[in-house]
Every structure is written in C-alpha cells, then in structure tokens.
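Engineer: Sharing the record's features from Swiss-Prot:
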type	residues	note
COMPBIAS	35-51	compositional bias 'Basic residues'
COMPBIAS	64-77	compositional bias 'Basic and acidic residues'
COMPBIAS	91-100	compositional bias 'Low complexity'
COMPBIAS	111-124	compositional bias 'Acidic residues'
COMPBIAS	132-145	compositional bias 'Acidic residues'
COMPBIAS	149-174	compositional bias 'Basic residues'
COMPBIAS	197-206	compositional bias 'Basic and acidic residues'
COMPBIAS	232-243	compositional bias 'Acidic residues'
MOD_RES	Tyr13	phosphotyrosine
MOD_RES	Ser14	phosphoserine
MOD_RES	Ser19	phosphoserine
MOD_RES	Ser54	phosphoserine
MOD_RES	Ser58	phosphoserine
MOD_RES	Ser79	phosphoserine
MOD_RES	Ser130	phosphoserine
MOD_RES	Thr179	phosphothreonine
MOD_RES	Ser181	phosphoserine
MOD_RES	Thr202	phosphothreonine
MOD_RES	Ser204	phosphoserine
MOD_RES	Ser234	phosphoserine
REGION	1-243	region 'Disordered'
Amino acid sequence: MSRPVRNRKVVDYSQFQESDDADEDYGRDSGPPTKKIRSSPREAKNKRRSGKNSQEDSEDSEDKDVKTKKDDSHSAEDSEDEKEDHKNVRQQRQAASKAASKQREMLMEDVGSEEEQEEEDEAPFQEKDSGSDEDFLMEDDDDSDYGSSKKKNKKMVKKSKPERKEKKMPKPRLKATVTPSPVKGKGKVGRPTASKASKEKTPSPKEEDEEPESPPEKKTSTSPPPEKSGDEGSEDEAPSGED
C-alpha cells in the first residue's frame, strides 16, 4: 500500500528581514538548555559517604579544636598554678630565711647582753681584787728586797771573813820575820853560843869514867828554848836593851 502524500508548504525566508540578526540575538539571549544529568546510584552513595565523612571530619575538627582550647586553658591554668606554687615556695623560703636571720640576731643580742652583764659583774670584782693584786705585787717586791738583802748580807759576810783571815795571818808572818838576837846576860835566858854548846855536848873521857850519866836537867839546859811569839819576843828584846 502506498503512503498518503502529505501537504507540503513552501516557506520563503526572504519575507523575514532580520533573519540573521534574530538568529544571533536568539543565540545570545537564550543559552543552551540546561539538562539535568541523572547520577548513578554509585555516585550518590559515594557522595553520601563523602558527605558523612566530611561531616565526621568537621565534627572531629571541631572536637579537636575544643580539646586544643581546653588543653590550652588547662596549660594556662597549670602554668598559673605552677607560678603560684613557685611564688609560694619562694615566699616560704624567704620567710624561713628571714626567721632564721631574726633568730640569729636575737641570739647575738642575747649573747651580747649576757657578755655585757658578765663584764659589768666582773668589773667590781676586778676593782676589789686590784688592791690585793697590788699588795701581792708589793709583797713580791718585799720578797725581792729580802732576797737582795740576803745577797747583800752574804756578800758582807764573805767580805768580813777574809778580813778575819787577814787578822789571823799576821801572827805567822811575825814569827817568820822576827828572829830574836842572842842575849848576853847573867841570868837572862838566851840561845847559847855554838862553842858553849859544843863544849857542853863533848865532855872529856875522864868525866865520862868518873861521873855517871848526866841528869836529865842538863839535857834540858842544853836544848834550845822554845820559840816565842812575836809579842813575847818583843818583850824579851825590851829588857835586853835596858841591860
């Protein structure tokens, strides 16, 4: 079967004057039609997952930001607490050092006051003892004088002893120097001469036969008289001069 023929109308474009301009304006004014592209279910799932992940990431980031802020605040508080602790420790140390210095000052003052009191108490005792010390020193001086007097006495005694010896010594000197001269007198006692003594000592042989031994008186007469002291010799010499 043949198809029916359609009625065709011939259109003259020349009738329209602004055909080219209209096309240009139309192309400028109306852009291409926007068509929505249908996304596949996989892409939708991926988008959903990415959205969830982005939300989770944002939440995590927010949590992290909050935590960091909290940490910063805690660290700031900790630093402040540490600073306060350090300040307290320093204050305690300073207070302890001040207390120790005050105690030392108090002890030094107490010791100084005690020493002053002891010095004040010792001052009158020293004043009292000063006189006794002077007396003791005077006694020492007396002792020294006594010792010096003893030495002087010893020296005087030593000097006096040789004087006594000198007094005793002249007697033997006089004995040695004084030689009594033979006295010529009748009844005076004197040293016999050598001739007389020889005659008396050498008797004749006849007399020896006739006479017995000579009595002891003759022997005594023949012996020289004992030596007299210088004074006695001087006394004997005086009467000899008178004769």
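Even glycines carry a Cβ here, placed using N, Cα and C.
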Engineer: The compositional bias 'Low complexity' (91-100): which same-chain residues, six or more beyond its ends, come within Cβ distance under 8 Å?
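Structural biologist: Tertiary neighbours of the compositional bias 'Low complexity' (91-100) are none.
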Engineer: Which whole-number value in Å describes the distance between the Cα atoms of Ser14 (phosphoserine) and Ser58 (phosphoserine)?
Structural biologist: 64
Engineer: Find, for the listed modified residues Ser14, Ser58, Ser79, the residue with the lowest Cβ contact count at a 10 Å cut-off, counting only other Cβ atoms.
Structural biologist: Ser14
Engineer: Do me a favour and check the Cα-Cα span between Ser58 (phosphoserine) and Ser79 (phosphoserine); whole Å is fine.
Structural biologist: 31
Engineer: Mind tallying the compositional bias 'Acidic residues' (111-124) by DSSP state, helix then strand then coil?
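Structural biologist: Here the numbers are 14 helix, 0 strand, 0 coil.
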Engineer: Can you tell me which parts of the same chain pack against the compositional bias 'Acidic residues' (111-124), counting only residues 6+ beyond its ends and a CB-CB cutoff under 8 A?
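Structural biologist: That would be none at all.
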Engineer: For Tyr13 (phosphotyrosine) and Ser79 (phosphoserine), determine the Cα separation and express it in whole Å.
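Structural biologist: Rounded to a whole number, the Cα-Cα distance is 89 Å.
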Engineer: With DSSP, how much of the compositional bias 'Low complexity' (91-100) is helix, how much strand and how much coil, in residues?
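Structural biologist: So the counts come to 10 helix, 0 strand, 0 coil.
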Engineer: Tell me, how many other CB atoms lie within 10 A of the CB of Tyr13 (phosphotyrosine), whichever protein chain they belong to?
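Structural biologist: Taking every protein chain into account, the count is 6.
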